[in-house]
Amino acid sequence: MAAVSLRLGDLVWGKLGRYPPWPGKIVNPPKDLKKPRGKKCFFVKFFGTEDHAWIKVEQLKPYHAHKEEMIKINKGKRFQQAVDAVEEFLRRAKGKDQTSSHTSADDKNRRNSSEERSRPNSGDEKRKLSLSEGKVKKNMGEGKKRVTSGSADRGSKCLKRAQEQSPRKRGRPPKDEKDLTIPESSTVKGMMAGPMAAFKWQPTASEPVKDADPHFHHFLLSQTEKPAVCYQAITKKLKICEEETGSTSIQAADSTAVNGSITPTDKKIGFLGLGLMGSGIVSNLLKMGHTVTVWNRTAEKCDLFIQEGARLGRTPAEVVSTCDITFACVSDPKAAKDLVLGPSGVLQGIRPGKCYVDMSTVDADTVTELAQVIVSRGGRFLEAPVSGNQQLSNDGMLVILAAGDRGLYEDCSSCFQAMGKTSFFLGEVGNAAKMMLIVNMVQGSFMATIAEGLTLAQVTGQSQQTLLDILNQGQLASIFLDQKCQNILQGNFKPDFYLKYIQKDLRLAIALGDAVNHPTPMAAAANEVYKRAKALDQSDNDMSAVYRAYIH
């Protein structure tokens, strides 16, 4: 493989983690955006998206040399738009060169025409020219020596300066030169069959593929497969305590929604997503005196909170750019990714120092990926999924599971006290997502067992109410048990926790078990029951509607 030197202004293909190569240009980074430590990388601005990121040199390839093979790999609409943007850029640059070339040619033609008109034609003039030619040559020779000597001195100084600024020298390359070289492969290996096939880049001998630095964002993630992301490059930036796995928590003595002793942070708070959980959270933040800017995909949901004193954000990017800490609570991994990486998304508003807290219940791969792209822009990231339901959200009695930037966790103290009774810090990003899925796996399986017990009581001629009374007097007694049984007995399945979401969490928990080769047969069985309930059009009802899967 040949080593190819890259420099400022070069057009390149940037490879970011699992995503397809994307065309971009090496540019100077903003003054307030520092280069990541320990990484040999360039700052690249991507065509078609106007996004940018620090990218390792191993993940960069020259644009022209690899254009054909990259186009064969990716046929997506956005990708083609990006390539078109590059070609338009090249056409404009070429047009400027041609204009400059034409101007020079015109000047040359005018000079030649002038010389032609003044050229001597008679024999006498030719002889005079010949006689004077010797003197002219002599004088020119002397002048040439003087000019050449001065030019040589200046040229030598310029060359010396250029050599000092550039690592390209003859002989053995200096250490710095290695930072500006990338391995160039003549073939593309390991292409996948799909239109969004991942491009396999050759790693350096000293750096395995697993340490790739995936910053890529602003892409149609729904077209790609499950990510295989590594968090090692980011954990150094996140201020977390590796040894803490849940020993730290912020607790309120009682329902913090009615606890007037909370001192709200003076930071500006943003909140994205006003669903069942988000609505209660925002309401409590406002009650406790926080300054909140809200955004929701359906803007009508914002009206009530505007009346309560919240401000309206037109886009997620606007909310993030105008707030110090932005929380988000959406339904699933796809929604979480779209919110961050989509048009006018969170990433567009992230600047150094901006904070993002994702409260969605998603898988560890998704939250790790989001953390990477946020941190790559200089932002701070915390995951903080919540355990509870709509009623607990309204009452400010949620349990918050947090992981990531420890400093940001502490900065969110007053917010967490307003929205929940307890919050736990679980260490590095991904831990909270895993814990949340396990909690919901237990809850979802328990709910399916409750429904199974009630239906079994019915078909065997036993009183369902008596069964509930017995359970409420035993060790299984809980608010959750009583409420869900009451829902079933009354036939009231108004959503407190959507059935489709608990099924989603069960599916993700099963996948988590598969990833570590751990059996989850109970969760798998419960998942099948919820899937049957969804087939019976119960997705938008409460999770207790799983009962109907047993009676149909």
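Using N, Cα and C of the backbone, Cβ positions are placed for all residues, glycine too.
In Swiss-Prot, the annotation phosphoserine falls on Ser130, out of Ser101, Ser130, Ser149. Per Swiss-Prot, the listed range annotated as region 'Interaction with histone H3' is 213-216 (candidates: 65-68, 213-216, 241-244, 253-256).
The DSSP secondary structure for Val282 (NAD(+) binding site) is helix. For the recorded positions Lys268, Gly270, Ser279, Val282, Thr361, a Cα-Cα cutoff of 10 angstroms around Lys301 (SUMO2 cross-link) retains Ser279. The most crowded of the binding-site residues listed here (Leu276, Val282) is Val282, judged by how many other CB atoms sit within 10 Å of its own CB. As a summary of secondary structure, the domain 'PWWP' (8-66) carries 7 helix, 23 strand, 29 coil according to DSSP. In terms of local Cβ density within 10 Å, Gly270 ranks first among the binding-site residues Gly270, Gly273. Around Lys268 (SUMO2 cross-link), the same-chain residues at least 6 positions away in sequence with a Cβ under 8 Å from its Cβ are Thr291, Thr293, Thr322, Cys323, Asp324, Ile325. For Ser279 (NAD(+) binding site), the same-chain residues 6+ apart in sequence whose C-beta sits under 8 angstroms from its C-beta are Lys301, Phe305, Ser393, Asn394.
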